[in-house]
Amino acid sequence: MGATFDIWKLTKQVLFYALVVVIVVVSVFPFYYAILTSFKSGTDLFRVTYWPTSLSLENYRQVFTQGSFPRNLLNSLFVASLTVILALFLAVTASFALSRVRFRGRGLLLMVILAVSMFPQIAVLAGLFEVIRGLGIYNTPWALIFAYTIFTLPFTVWVLTTFMRDLPIEIEEAAIVDGASPWVIITQVFMPLMWPALVTTGLLAFIAAWNEFLFALTFTVSNQTRTVPVAIALLSGGSQYEIPWGTIMAASVVVTVPLVVLVLIFQRKIVSGLTAGGVKG
Amino acid sequence: MASIELRNLRKSFGAVEVIKGVDLEVRKGEFMVFVGPSGCGKSTLLRLISGLEDITSGEMLFDGKVVNSLTPSKRGIAMVFQSYALYPHMTVYQNMAFGLKLEKGHSKDEIRQRVEKAADMLQIRQYLDRLPKQLSGGQRQRVAIGRAITRDPKVFLFDEPLSNLDAALRVATRIEIAKLHADMHEVTMIYVTHDQVEAMTLADRICVLRDGLVEQVGTPMELYERPDSMFVAGFIGSPKMNFISGKFAEPFGCETVGVRGEHMIINEGPGRWTGKVIHNENLGADSYIYVDIGSEEPVVVRLEGANTYKSGDSVNLSPMDDKIHRFDKAGKPIR
Ligand SMILES: Nc1ncnc2c1ncn2[C@@H]1O[C@H](COP(=O)(O)OP(=O)(O)OP(=O)(O)O)[C@@H](O)[C@H]1O
Ligand SMILES: [Mg+2]
């Protein structure tokens with residue numbers, strides 16, 4: 001009896017780990033292959049290998065010296081950071097109103113906000129283009145910041161509204177009694193309690209802005225204003241017929257590293273149960 | 001430090017009127033307790049006074065000045081919530097200092113002094129660096145009271161501050177609040193509670209609310225001895241006053257006669273009423289026996305000390321003649 005039970009348990013464990021390995025391999029392999037390729041040079045590139053054979057930094061050197069890649073990297077950083085700051089500022093204030101201020105049509109407004117985010121990018125491209133031309137920010141980073149903020153806001157507002165609605169109303173009322181203005185309540189009482197939500201939504205907004213391609217391609221034309229996803233796609237080799245896989249892979253790795261670092265940093269900050277102890281619960 | 005006057009105060013939530021025209025005067029430095037059945041509008045009235053809820057119509061005056069549209073902090077009130085409502089991310093010190101910091105014009109030293117003085121009053125000085133989650137329920141409620149004291153309010157509002165605490169802690173904190181009122185005798189306090197003992201022991205005057213209206217206002221003893229209606233008579237006092245009507249009340253010349261359990265006597269010889277004991281609750285210091293005399297509800301008799309009555313025992317009982325309350329058909333007292 002005991003023996004068969006043990007075998008069954010063992011089989012289950014083996015199957016479980018086999019599944020884990022399959023999932024990990026399938027999802028990680030493309031990245032692994034990109035990293036592998038980025039360290040190859042010359043004709044090595046076209047030989048299929050699964051283990052590191054050479055460790056050449058030539059591709060990385062090329063990425064940073066040829067063309068305007070460093071500039072594109074800075075553009076991306078600027079655009080993504082400002083998008084996050086702007087989106088969080090607007091979303092926090094908007095969600096305070098949506099979750100805490102009683103007004104007519106609040107539920108409808110919230111549904112509309114969510115509905116807006118369901119449109120595919122391509123559907124609004126033409127309209128957005130006109131707006132951006134009208135504002136005179138075509139081919140500047142502001143065009144992208146504007147477009148990304150619009151696309152990030154529905155999600156951010158929705159998440160933060162849900163989160164803020166769950167914060168105990170008495171804490172807000174205690175702050176009102178203490179003489180706090182809405183701005184003080186948002187910044188000194190609510191924001192410290194909302195770190196997990198702010199970090200999560202901020203991180204997602206950053207990643208979305210960092211990787212976005214379609215708007216970036218449409219709203220910028222010069223090498224000086226492009227962001228990295230477009231720059232990578234437009235990287236060209238020595239001749240028209242050569243696709244520079246090595247440099248593309250190196251650039252991709254360089255672009256991914258900041259995201260990984262960000263996630264690792266903020267992962268530690270995402271602590272739950274921050275409201276514990278404030279009210280009887 | 002403030003007298004409060006409510007004039008025909010009304011409050012509606014949408015189409016529902018919750019406060020239906022309240023006139024009330026709370027004197028300077030008075031401890032006023034609001035009691036009433038659940039849902040009668042006690043919390044709503046308190047929140048109207050605090051300024052957290054807008055007044056639908058009527059007037060509210062602090063020291064003779066209309067404050068209808070003033071914010072809570074401009075009214076100079078402080079409030080202690082049932083659920084403590086501490087700021088979870090701030091230490092006890094920061095919680096208590098928050099209001100003073102927002103009020104411009106206090107130096108760091110002054111804030112520290114005032115926080116420490118309040119902390120000493122409530123014996124929470126050793127917890128100043130802790131977060132609320134590192135405190136017990138009773139300590140948290142004391143911090144919440146401390147936060148209110150620190151701001152040196154003119155009016156102190158409490159909404160069932162002790163109802164989340166266990167029995168022993170409730171008694172201890174109740175005594176703290178009584179002491180607080182004695183120490184800060186110039187501060188007006190308004191206190192909402194369900195608890196008979198809290199109302200009777202803390203109040204200078206009690207305001208009994210019923211369905212959005214004031215039923216009676218008076219000192220605890222006035223309400224106990226001279227209730228203005230059957231409702232108040234039944235609400236104040238524990239166990240609840242016995243109401244006996246029909247043929248039992250006829251000899252008294254009224255519709256209903258009310259007798260408190262402590263004003264019933266068990267007669268050795270013949271009494272006014274006879275009945276069978278149906279239940280006996282021995283509490284040690286006193287005991288309640290429930291006697292079925294044939295009226296609608298059993299009559300409760302409070303006896304000093306423990307007793308040995310058993311269910312089924314036959315007893316004779318009489319009300320103390322000078323302690324009975326007589327009510328007419330409308331529930332008004334006949335005096
Ligand atoms: N924000 C609100 N919106 C709509 N109705 C409300 C609101 N607040 C209170 N009410 C209603 O007003 C009535 C009185 O509520 P209130 O909280 O003042 O009662 P209470 O006397 O404090 O009761 P309890 O003793 O149970 O705390 C209730 O019927 C309640 O449903
Ligand atoms: Mg209430």
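The backbone N, Cα and C atoms fix where each Cβ goes, and this holds for glycine too.
Sequence annotations record features per position, and here TrEMBL assigns domain 'ABC transmembrane type-1' to A:73-266.
Counting same-chain residues at least six beyond the ends of the transmembrane segment (A:14-35), those with a Cβ under 8 angstroms from any Cβ of the stretch are 249, 252-253, 256. If you look up TrEMBL, you'll see A:14-35 (among others) marked as transmembrane segment.
Summarising the annotation, TrEMBL assigns transmembrane segment to A:77-96 (among others).
Through the fold, the transmembrane segment (A:108-129) approaches residues 98, 147, 150-151, 153-155, 157-158, 161, 214-215, 218-219 of its own chain, all at least 6 residues removed from its boundaries and within a Cβ separation under 8 Å. TrEMBL lists A:108-129 (among others) with the feature transmembrane segment.
According to TrEMBL, the feature transmembrane segment maps to A:141-163 (among others).
Among the features that TrEMBL reports, transmembrane segment is placed at A:183-210 (among others).
Outside the transmembrane segment (A:243-266) by six or more residues, the chain places 31, 34-35, 37-38, 40-41, 45, 58-60, 62-63, 66, 69, 73, 76-77, 199, 203, 206-207, 210, 228-229, 231-232, 235-237 with a CB less than 8 A from a CB of the stretch. Residues annotated as transmembrane segment in TrEMBL: A:243-266 (among others).
Within the same chain, residues 75, 78-80, 82-83, 86-88, 90-92, 94-95, 98-99, 110, 113-114, 116-117, 121, 128, 131-132, 135, 194, 197-198, 200-201, 204-205, 208-209, 212, 215-216, 219-220, 225, 227 sit at least 6 positions outside the transmembrane segment (A:141-163) and bring their C-beta atoms closer than 8 Å to a C-beta of that stretch.
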